[in-house]
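> Okay, handing you the structure first.
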Amino acid sequence: MEKLLPAASKKYIPSLTGMRAIAAFMVFVCHNPINYAQPLTPLQRAGNGLLVAFDIGVAIFFVLSGFLITLRYAENITLSWQWIVRYTRNRMARIYPMYFLVTVVTIVASQLSTAYDPSRVWQYFSPTDKAIAIFANLTFIRGFFSNLTWTLAGQGWSLTVEECFYLAAPFMLLSVMRQPKLLPLWALGLLATGFALVGVGSLAPEHLYGFFKTVRFMLNWTFFGRCIEFVLGMGLGLYVIKRPKPQVATGWATYLGSAWMGLCMLAFTAFEFSHDPGPIPGLTTYSAIFVHNVLLPLGIVALFWGLIHEQTVVRRLLETDLFSLLGKSSYVFYLTHVGVLNFLIEYHLTTNVLVKFVLMNLVSIGLYKLVEHPIHRWLTQRAKPRPVAVAA
């Protein structure tokens, strides 16, 4: 007989904050493969291929965004001007300040020395190209152009995807709260829009910096290609809102979801084993893309359901104060784990991956406490309406 436990809060779920840290750490693993002597043996290639598969940390972030935005806004959404301003302010206050600081530091460092340019292309850009790249980075439109997506703080490509979701989310929520069955149609419509934009991009001249250059680029790196991750996260959010369940002491969803994710990693690693990504990074085979973009998020949803409703060792670990802090600082960690901070550590301190990992976490926690959180709190509180005194 299952033991009933207190229901989770709808607004804040500590285990999912801890899960943000795990997702960021997985991306760190992806960006730090083992440096073997060339040429690699098949076993070494397979091992590094599996490490690269840890980029599913980004997929975890996307599913989590879909879930949390739904949980937070679905029941109080109105397309009034006041609501739109508040929603936009809250989203930008959460993402933009730290991203702006990291981008500006990267611009300055790349201009001063090519050794600190993460993309390794800044020195070849003309002044016009640099101006366009800076504008595209600071406005989040970089992710629509294959020639600009990985410029400067390259990991910021995912923020173009996130911002597109934030723009679409209110309209998606308004429709699916009335008709939940419309959610799959949103996924189909967004995918169709992505294919249409690839068609437009094929007609564009080359000086448009690779606007939606290929189908593979669209499926790997844009909101239209990655929309299923957000849609499935939204589906879980709607399910939790409409059918709240008591927590149970079993852990089948947590462990089944984790195992499913592991199998998906093995699958798309195997599909990609003999393929060179070419000039545009990312998955090359459509079978691997299908596993990554469609099948993998199902496991992430199952894992999240388990972390919300099941009492397991995994959940208790993610709810500790340590993982709460690591989860809150995970956005800073994600933005800084490659690029200028990584170069400073490698050039002046150590190339040891474990030491880098610890140092980057310490820096991220410091930046979260001293920069990101205070700025976020100031921006959100500053815009709150002040109470109006009423004469007696």
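Here the Cβ of each residue, glycine as well, is placed from N, Cα and C on the backbone.
A TrEMBL annotation is a machine prediction, not a hand-curated record.
When I checked TrEMBL for this same protein, it listed these features:
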DOMAIN    14-351  domain 'Acyltransferase 3'
TRANSMEM  12-29  transmembrane segment
TRANSMEM  49-74  transmembrane segment
TRANSMEM  95-112  transmembrane segment
TRANSMEM  182-203  transmembrane segment
TRANSMEM  223-241  transmembrane segment
TRANSMEM  253-271  transmembrane segment
TRANSMEM  283-308  transmembrane segment
> Could you give the residue numbers and ranges of same-chain residues that sit at least 6 residues beyond the transmembrane segment (12-29) on either side and whose C-beta is under 8 angstroms from one of its C-beta atoms?
51, 54-58, 60-61, 64, 67-68, 155, 303-304, 307-308, 314-315, 317-320, 323-324, 326-331, 333-334, 337, 357, 360
> By a Cβ-Cβ criterion of under 8 Å, what residues six or more beyond either terminus of the transmembrane segment (223-241) are in contact with it?
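Same-chain contacts beyond the ends: 10, 59, 62-71, 74-75, 143, 160-161, 164-165, 168-169, 172-173, 176-177, 180, 183-184, 186-187, 190-191, 193-194, 197, 293-294, 297-298, 300-301, 304-305, 308.
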> List, by number or range, the same-chain residues at least 6 past the transmembrane segment (49-74) whose CB is under 8 A from its CB atoms?
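For the transmembrane segment (49-74), the nonlocal Cβ contacts are 10-11, 16, 19-20, 22-27, 29-30, 32-34, 87, 158, 161-162, 165-166, 169-170, 173, 177, 226, 229-238, 240-241, 261, 264-266, 268-269, 272-273, 292, 296-297, 300-301, 304, 334.
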